[in-house]
Amino acid sequence: ILLCAKHMEAAVTQSPRSKVAVTGGKVTLSCHQTNNHDYMYWYRQDTGHGLRLIHYSYVADSTEKGDIPDGYKASRPSQENFSLILELASLSQTAVYFCASSGTGGALDTQYFGPGTRLLVL
């Protein structure tokens, strides 16, 4: 019950939940958190694979590259909002994208995940 209550308090939302984009088009995925967390993350998940970190941020107005940043930009205009931008979407960027937030960014710190955004690039 404690985990459920904690989860309900730690809201991370994403928009859109699904999107179809054309190759070469610009795509912006938005994430909003009400946790007052310093750290925010964008991951991608491909079929049959685990999560891979694209970009993260530990403070507003600053972003850092993750493990697979190529082809992506990120923007953290405020504590609550963290966007992932594909300037020129490509077929290889078809995936499910997850945003998460955490308090300290430590290895043992819980990350709270959004519901995911399914992106299909045609």
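Cβ coordinates come from backbone N, Cα and C, glycine included.
Listed features, source Swiss-Prot:
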SIGNAL    1-7  signal peptide
REGION    8-103  region 'V segment'
DISULFID  CYS31-CYS99  disulfide bond
REGION    104-108  region 'D segment'
REGION    109-122  region 'J segment'
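Sequence-distant contacts of CYS31 (disulfide bond), defined by Cβ-Cβ distance under 8 angstroms and a gap of at least six in the same chain, are VAL12, THR13, GLN14, MET40, TRP42, ASN81, PHE82, SER83, LEU84, CYS99, GLY114. Taking Cβ pairs closer than 8 Å, the region 'J segment' (109-122) reaches residues 7, 10-23, 27, 29, 31, 33, 35, 37, 39, 41, 45, 89-103 in its own chain, all 6 or more past its ends. Residues 38-39, 56, 58 of the same chain sit 6 or more residues outside the region 'D segment' (104-108) yet have a Cβ under 8 Å from a Cβ within it. Residue density at CYS99 (disulfide bond): 26 other Cβ atoms are found within 10 A of its Cβ, drawing on all protein chains shown. Helix, strand and coil content of the region 'J segment' (109-122), in residues and according to DSSP, is 0 helix, 7 strand, 7 coil.
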